[in-house]
Amino acid sequence: MAGISGLGAASGLILASWLLTYHNAEPATSSSPPGHVETPLPASPAPKDPSPPAPGQTNRPQPSTPDPPLPEIPGTGLLRQGDSGHGVYELQVRLLQISHVYDGGAIDGRYDAEVRAAVTLFQKRYGIRGDESGVYGDNTRHALMLRTK
């Protein structure tokens, strides 16, 4: 049944293409006798039916489950002890969401020794590599964002 509907769709496309070509074409001079209508050939051959499935298989496409989208990472760059501002504030909020990493830590926007220790612990616990220990770099940021809201 799928082959028939596929052929119907292909035939419809060929017909539509022919109609557009015929309708938009300039009158052609032809050496054909009057009353003879030439039928243009399709630009590409009609698709062939796929080969029959092997015994026990079907022609149905297998459903695929797309990977969940990664959260967008707002702002990149390093945060380290001594830094302050909104980026550190957001880091502190996220660290509090990870159990036993920054429990009871301040949310004041200052990257102090306590925040550094929490980042180091998070990096060790989740095997984060590529960022300096205690520094909130791109790899640590990505891992933390995947685990928090």
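Using the three backbone atoms N, Cα and C, a Cβ is placed for every residue, glycine included.
Predicted, not measured: the structure shown is a model, and the values here were computed from it.
According to TrEMBL, the protein has these features:
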type	residues	note
REGION	25-84	region 'Disordered'
COMPBIAS	42-55	compositional bias 'Pro residues'
COMPBIAS	63-72	compositional bias 'Pro residues'
DOMAIN	85-144	domain 'Peptidoglycan binding-like'
PLDDT averaged over every residue in the domain 'Peptidoglycan binding-like' (85-144): 97
DSSP-derived helix, strand and coil totals, residue by residue, for the domain 'Peptidoglycan binding-like' (85-144): 31 helix, 2 strand, 27 coil
